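Student: Features from TrEMBL:
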type	residues	note
DOMAIN	292-496	domain 'TM7S3/TM198-like'
SIGNAL	1-24	signal peptide
TRANSMEM	289-306	transmembrane segment
TRANSMEM	313-333	transmembrane segment
TRANSMEM	339-360	transmembrane segment
TRANSMEM	367-387	transmembrane segment
TRANSMEM	399-419	transmembrane segment
TRANSMEM	431-453	transmembrane segment
Amino acid sequence: MWGWARPALLLLLAGVLRHGGASGLLELSLGKFRNVLLNQTNPVEAVIRNIASNVTVVIFQVHAQQSDVVISFDKTPSLNSSGIGVDKGLVSILRPEQTVCTWYLRALGAGQVLSTAISIPYMEKDPIPGGCNLEFDLEVDPNIYLDYTLVDIHIKFAPANLGYTRGASPPSCDSGTGQSSRWRLRYDVYQYFLPENDLSEMVLMSHIRKMSGVQSVRANGIKMLTLTADDKTNIYFSSLPGQGVIYNVIVWDPLWNSSAAYIPVHTYACSFADLVDNCSSLSKLSTKVFFTAFAVLGLFTCFFGHRFWKTDLFFMGFIVTAFVFFVFITRVTSLSYDVRLILTAVAGISGGLLLVVSWWRFGSVLLSMFVIGLVLGFLFSSTLFFTPLGDYRVFRDDVVFWVTFTCVALMIPVLFVGCPRILNILASGIVGSYTVILAIACYVYTSLAYITLDLLRRVLNNYFSRAYTNVPFQRNDFIILSVWAMLALSGVTVQLRRERSEVPFPPHPYLTWKRERERRSTNVLDPSHHIPPLRERIHNKLLHFKEFFQKDQPAGERTPLLL
C-alpha cells in the first residue's frame, strides 16, 4: 500500500519545500489549504496578512496522520495557549484594526511530519466554536477530543458561544437560557468515511479538506444527530478498526441562520506503531484459521446442506453453541482472546455433535427446525438492525431493543412452521454463504462483517447501546454483497432442484435401526439372519489374518500321478 504512494508523497514534499514550508515562514490565505513539513527543532511561523475588517474570528487548524503536532500562539508554547495532537486548532479573536495573525507549528517528536494547515474566517454573527469552554485548557477551544477502543469511539467538545463584534465583550455563557443567550444554539454532528483499505497520508490530506468548512461539511458529511444546548456534548460511535473516519460538528445559530465549524478530527481506531495488530494487519492468525475453516463448512452447507442432513445439523448446532459459549466465557473470565477462541471452537464442535446425536436418538424434526430457523432469524434480525433503523433513538433502550430483536428472530421459524424443508434450504443457503463473508473480512475490510459483530458487541458490552453504528458502504462492500447474494441464491436454487423429488427429511434413524434389527432377528429367510454375531465375525477374521503369516508344513514324499 505504501509502495505506490511513495512517489506521489515525494512529489508533495518537494512542493512543500519549494513553497518554503520548512524554511520557518508559512504565508497563508484565508480559506486556502497549505501542506507543510514540520520537525521538532525548527518551529514554522504561520502568518495571515491583510485580514478584512468584517472578519471577527479566525480559526487556524493543522492536521497530520499519526504524529502529534504542537500548535501555539507563541514561539514558546504554554498550557493555555497551545494544543498537541494530530488534529488541532486555535481561535484568534481579532482586535479592532488587527489585520495580521500569527501561529507557530512544530512536530512533537523526532522526525519530519507531513501536515496540512488552513485558516477559516468568521463574521460577527457567526457562533464561536468552543467559546463557552469550561473543561479543557484553552480559554476558547474549538477542538473535538477523540478517544477510541476496539468497541467504540468517543468524541466530546466544548459548547459554543454567540458571535460578537471586534472589541466588544463576549456574551455571558451563564446569563440565562432564553433565545438571547447561547442556549439557542444547535450542534449538528457529521461523519465522513475515508476510502476503504487505504491508509495513505495522501488520501487523508485530500479528504480532510472536505470536512473543514461549513459548506463542505454539509455537502460531503453524513449528518448523524443534532444536539441542543441541554444535551451533553458527548457522542459515541461504533469502532471500525482499520477504517478511516472523520468527525466534525457544525454549530448553528437559528436566530441569525449562521454557522461555524469545529476542528475536524480523524481516527482509524488502531495504531500505526504497534508491531502486532497494527492498522495494516488487524486480524489475528487464530481468527483467520477459525473463520476460514468455518467458511469451508459453511460453503459445503450452502450447496449440500439438505442432502447431508447430519452435516447441516452439526453446522447449525456449532453456530448456536459457539456464540453462546463465547459470550459466556468472555463475560465470566479474563482469558486471552486466542484461548477463548480455541475453547469456543471445542464447545461449538461439541454442540454440533450433540444436535446430531439428539436427532439420531429422538428424530425430532420440530426441535431441529426450530434451532435452524432460530439461526436464520438471528441473521435476519441482525441485518435489519444493521440498517439505519438500528440507530433510532428508541432502540437505545436495551429492553426495547432485545424484545424487538427476539420477536423478529422468532418470526422466521413461526412463518415457515408449515414448510420445514423450505426453511432448512433457505437457512443453509443464506447462513452458509454468510460464513464466506466473515472469512473474507479476516483478510480485507468489509462493513458486512458488522452485521453480526455489532450484535456481539452489544451482548458483551453494557454501554454499547449508546453508540451510533453507522458504517461505510463503498465499492468493496457492493462487490462482496454481490458475492453473498450470488452464493445464497445459487445454493438455494441447487438444493431446491435437487430435492424436489426426494422425501422432505430422512426417516428417524434410531427407529429405522431398531426396526431393521428386529426384522433380521425374526425373519429366517432374510440372509442377514444367518450372519454370525459381530464378536464371532471378528474372531474369524483374526484367525484368518494369523494363518496368512504361517508357513506350510512338509507332508512327506510326493509321487507324481500315473496316467
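Even glycines carry a Cβ here, placed using N, Cα and C.
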Student: Counting Cβ pairs closer than 8 Å, which of 289-306, 313-333, 339-360, 399-419 has the most of them with the transmembrane segment (367-387)?
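Tutor: It is 399-419 that shares the most Cβ pairs under 8 Å with the transmembrane segment (367-387).
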Student: Ranking 339-360, 399-419, 431-453 by the number of C-beta pairs under 8 Å to the transmembrane segment (289-306), which range is first?
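Tutor: Out of the listed stretches, 431-453 contacts the transmembrane segment (289-306) most.
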Student: Residues of the same chain, at least six outside the transmembrane segment (399-419), with any C-beta under 8 angstroms of its C-beta?
Tutor: 369-370, 372-374, 376-378, 380-381, 384-385, 426, 455, 458, 465
Student: Other than its close neighbours in sequence, what residues sit by the transmembrane segment (339-360), given a CB gap under 8 Å and a spacing of at least six beyond its ends?
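Tutor: Sequence-remote neighbours of the transmembrane segment (339-360) are 286-287, 290, 309-310, 313-322, 325-326, 329-330, 333, 367-368, 371, 509-510.
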Student: Can you give the mean pLDDT for the domain 'TM7S3/TM198-like' (292-496), rounded to a whole number?
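Tutor: Computed over the domain 'TM7S3/TM198-like' (292-496), the mean pLDDT is 92 on the 0 to 100 scale.
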